[in-house]
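Asker: Below are the features listed in TrEMBL for this protein:
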| type | residues | note |
| --- | --- | --- |
| TRANSMEM | 12-32 | transmembrane segment |
| TRANSMEM | 44-67 | transmembrane segment |
| TRANSMEM | 79-98 | transmembrane segment |
| TRANSMEM | 118-143 | transmembrane segment |
| TRANSMEM | 155-174 | transmembrane segment |
| TRANSMEM | 186-209 | transmembrane segment |
| TRANSMEM | 329-348 | transmembrane segment |
| TRANSMEM | 360-378 | transmembrane segment |
| TRANSMEM | 523-546 | transmembrane segment |
Amino acid sequence: MTGWRSQWRLVLLNSLTCGLEICVAAGITYVPPLLLEAGVEEQYMTMVLGIGPVLGLLFIPLIGSASDHCNSSYGRRRPFIWLLSLGVLLALLIIPHADVLAANLSWGSTRRNQALQVGLLILGVGLLDFCGQVCFTPLEALLSDLYRERDDCGQAFAMFSFMVSLGGCVGYLLPALDWSGGLLSFYLGGQAECLFSLLILIFVVSVLVTMKVSEEPSSTLEPVPPEPGRCFPRSCCYLFQCKLRALKSGPLMCLLRTCWSMTPAIYRSYCHVPHVMRQLCLAQLCSWMGVMSFMLFYTDFVGEGLYKGVPSAAPGSALRQRYDEGIRMGSLGLFLQCATSTFFSLVMSRLVRVFGSRTVYLSSMVCFTISALVICLSKSVMLVTAMSALTGFAYATLQTLPYTLTCHYHKEKEVYMQNSKTKKTHMNGFTITKDSVCLTLDNGPGDLNHKSGISNGHVHYNRDEPEYYPTLHQNGAPLGLESEDFEKRGVGLDFAILDSTFLLSQVFPTLFMGMIVQFTKSVTAYIASSAIFGAIGIYFATHIVFDQKDLRS
C-alpha cells in the first residue's frame with residue numbers, strides 16, 4: 001500500500017478515530033470541574049469517572065462479537081459505529097446544558113434542580129466515556145476488514161495510532177484555551193458551551209467523512225418472488241410483508257438480534273481463548289496497567305511530589321499555587337507524551353520492518369520502565385518532563401502492534417489458532433485420553449480397530465514424537481472430543497478482548513492506587529507502581545507469539 005492517495009484514504013478513514021479521541025480527551029478533562037461545581041464530592045467524582053470503563057468491560061465483547069456476525073445491508077461494522085456515535089453526540093449535548101435541562105425539568109424546586117443536574121451530568125459522562133471507548137472496537141475491526149495483508153494492516157494501524165495520538169494532543173489542548181472572551185462564547189453562553197459546540201462540530205464532520213470513505217461489502221437481501229397463484233402482488237399484505245422484512249434487515253434490528261443471539265457464544269469464546277491471544281492479552285493488560293497508572297496520576301505526582309503543593313490548601317495560598325503550577329507542568333509532560341506517540345506512530349511500520357515486532361515491543365516497554373524509574377528517583381523537573389515524553393513510545397506501540405498481530409493470527413488461523421489439545425471424553429464405555437491416539441471408531445457399536453503393529457489392543461505413544469490427536473467420527477459426524485472452533489472466531493471479538501484489557505487497566509488503578517498511596521504516605525507510589533507493572537509487562541511480552549518460530553519454541 002504505497003502512494004499519497006492510499007495514505008490520504010487512511011487519514012480520512014481514521015478521521016472518526018481522531019474525532020472520538022478529541023471528544024473523549026477534552027470532555028473527560030473538562031468534566032471534573034463541572035461535577036465539583038454541581039456539588040459532587042471528590043471521592044464520588046472518581047467513581048463517576050469509572051462508570052464508562054466498567055460498562056465497557058461488560059459490553060465491548062458483546063458488541064465486538066455481534067459485529068462479526070451482523071448481516072445488515074449497511075455492512076457489519078457501520079451500524080454499530082452509527083449507534084455508538086449517536087451516544088457520543090447525545091453526551092456532548094447533555095454535559096454543557098445539564099443545568100438548563102435540570103432547571104426546565106425541576107419545575108422550580110431547588111433541591112430537585114441540583115439532583116437532576118448531577119444526574120444528567122453523570123448520565124452524560126458515563127455515556128461519553130462508554131460510547132467513546134467502545135466505538136473504537138468496530139473501528140478497529142473495520143480497518144482489519146479493509147486491509148487484510150500484514151504490511152497493509154500494519155500501516156493501517158500505525159495511522160490509527162497516529163490519529164489517536166493527534167486527537168489526544170488536540171483534546172488536551174482545547175480545554176486549556178480561554179474561549180470565554182470570544183464572539184462565539186457571547187452567542188453560545190460561556191466557556192463550556194463554546195467548547196462543547198466546537199467538539200460537536202468536529203465529531204459530526206469526522207463521522208460523516210469516515211462513513212463516506214469506508215466501503216464495507218453489503219449483504220443485501222434479494223427480493224422474494226411472489227408465490228404462484230397470487231394475482232395481486234402489490235396488495236396491502238404483500239407491501240406489509242416487504243416493509244416488515246426491510247425492518248428486520250435494518251441496522252438497529254440486526255444489531256439487537258445479533259447481540260441477543262451472540263451472548264451465550266461470547267461466554268464460550270471467553271472460556272476458550274486461543275493460546276496466542278491469551279499470551280498477547282496478558283502482556284497487553286500488564287503493559288497498559290503500567291502506562292495508564294502513569295497517565296492517570298502523573299499530574300498529581302508532579303503537583304504534590306515535585307512542587308510540594310497541597311491540593312486541599314486554600315485557593316490563592318502558596319501551597320495551592322505550587323500545586324496548580326505542578327499540575328500545569330504535568331499537563332505539559334502528558335502533551336509531550338502525546339507528541340512523542342504521534343511521531344513513533346508515523347515511523348512504526350518502518351521500525352517493525354527494520355527491527356521486527358518483538359524488538360520494537362520489548363524496547364518500548366523497557367524504555368517506559370526505565371523512564372518511570374528515573375522519574376521516581378529524580379527531583380529535576382526538566383529531567384522528569386523529558387522522561388514523561390519518552391513514555392509516548394510505549395503508548396504508540398500498544399496502540400499498534402497488538403492489533404496487527406491479531407490480524408496476522410486471524411489471517412493464518414490454521415497456523416496460530418489450531419486446536420492441538422483435547423480433553424477426556426467418554427464414548428461407548430471407553431475413556432479417550434491424549435494417550436489413546438491413532439484409534440478409529442467404526443460404525444459398529446463398540447468395535448475398535450487398531451493399526452497393525454500394535455499389540456494387545458493398546459496404542460504405543462512416544463512422548464518424544466510430535467503430538468497427534470485425530471478426530472473421531474461416527475456416522476460421518478465428529479464426536480467425542482471437545483474442540484474449540486476457532487475457525488468461526490471473528491476478529492471483532494479478539495479486538496474487543498484487547499480493548500477490554502485497556503479498560504481493565506483503568507479500573508484497577510482507580511480502585512487500588514489510592515489505598516497504596518495512603519499506605520506508603522507518598523505520591524511516588526503512583527510512578528513506582530507503573531514501573532513495576534511495566535517490568536511485569538516486559539516478562540509477559542517475552543512470551544508473545546510474534547511469528548511461527550515462537551510457536552515451535
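Including glycine, each Cβ sits where the backbone N, Cα and C put it.
Keep in mind that what you see is a predicted model, and the values were worked out from it rather than measured.
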Asker: Quick one: do the transmembrane segment (186-209) and the transmembrane segment (523-546) reach 3+ CB pairs under 8 Å, ignoring pairs fewer than 6 apart in sequence?
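Answerer: No, these stretches are not in contact.
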Asker: Between the transmembrane segment (118-143) and the transmembrane segment (360-378), are there at least three Cβ pairs closer than 8 Å, leaving out pairs fewer than 6 positions apart?
Answerer: no
Asker: Can at least 3 Cβ pairs under 8 A be found between the transmembrane segment (155-174) and the transmembrane segment (523-546), with each pair 6 or more apart in sequence?
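Answerer: The transmembrane segment (523-546) and the transmembrane segment (155-174): touching, no.
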